[in-house]
Amino acid sequence: MGRVPAWVLAMLMIGAAQAQDHGALQEKASRTSAKTPVNLVLRTAASSRADVDGPQLKSAAALVLDSESGAELYAKNSTEVMPIASITKLMTAMVVLDARLPLDELIAIDAADVDTLKHSGSRLRVGTVLPRRELLRLALMASENRAAAALARTYPGGTRAFVRTMNVKAKLIGMAHTEFVEPTGLDSRNVSTARDLAKLVEAAAGYDLIRQFTTTPQARIKIPGTQRTMAFSNSNRLVAHKDWEIDVSKTGFIREAGRCLVMQARVAGRRVIIVLLDSWGKLTRIGDANRIKRWMESSSRALAVSG
């Protein structure tokens, strides 16, 4: 890792006074290749490793954490290091906001922002110009990869400095088993654990814009200097559901990571952090989130009756 400028360290220290480093980075090389054997084993053994009194989830790894007390309400494979896909963008957003770069500054999507790894599509064509604020909104709400890449590219020192700062920030907030190699989540070498991601969600909840942008159901973005507008929807359908009260949300998907979802939400009168990693099927992570919600609500009712 190259030397991180002092001003970057100073900005990162804001809000990180409570963070602790819990150990060295776990071995990851064998876990980050295309759909690793580790993930397959986790899925096969998922039900046997879950808490017997907890919900039966399809996700290979999961964690439900009480945001106020820090108590683990449910955990399954929560310390396994796994690819995290676009959950990465929560860290991307924090690094951008920590730098206090002008949010109204116009940024053009460049050829360098095009995904050449997974060849994913994008509605942001090369040459599209948007304010940094709108790129941040699209990266968080719609998980726009070119938006995230452009945010990193226009950081002081460029993308390499940006990624270094992502890893410094991770250590400062106690994510001891996490590593980032790029800002979008397209690379399966971006890895973490469910427990580390709970710390990421907790830290992200401290940023007003992250809370706002990750829970906006839909947005229409105007292209400066043109009459064009583009409509985008949130990648997490639960933010528009009246039965959910969500503070922070982020989805993720690449083949190696499966379907992922992290949220901070109020469930059964408690503010909790939910982490779901490596779910099969487009709707499985949503189903798991709803199973957790029903489990917590039924447990709360049972306690109320017994009390």
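Just so it is clear, glycine is given a Cβ too, placed from its N, Cα and C backbone atoms.
Noted in TrEMBL for the protein shown:
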SIGNAL    1-19  signal peptide
DOMAIN    53-278  domain 'Peptidase S11 D-alanyl-D-alanine carboxypeptidase A N-terminal'
ACT_SITE  Ser86  active site, acyl-ester intermediate
ACT_SITE  Lys89  active site, proton acceptor
ACT_SITE  Ser143  active site
BINDING   Lys250  substrate binding site
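What TrEMBL annotates, mapped onto the structure for a quick look.
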residue: Ser86; record: active site, acyl-ester intermediate; Cβ within 10 Å: 25
residue: Lys89; record: active site, proton acceptor; Cβ within 10 Å: 29
residue: Ser143; record: active site; Cβ within 10 Å: 25
residue: Lys250; record: substrate binding site; Cβ within 10 Å: 29
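Annotation note: Ser86 (active site, acyl-ester intermediate) sits in a helical segment as assigned by DSSP. Taking the Cα atom of each, Ser86 (active site, acyl-ester intermediate) and the residue listed as 'substrate binding site' are about 8 angstrom apart. Restricting the average to the domain 'Peptidase S11 D-alanyl-D-alanine carboxypeptidase A N-terminal' (53-278) gives a pLDDT of 97.
Residue pair Lys250 (substrate binding site) / the residue listed as 'active site' shows a Cα separation of 8 Å.
In this structure the alpha carbons, written CA, of the residue listed as 'active site' and Lys89 (active site, proton acceptor) are 8 Å apart. In three-state terms derived from DSSP, Lys250 (substrate binding site) belongs to an extended strand segment. Classification of Ser143 (active site) by DSSP places it in coil, neither helical nor stranded.
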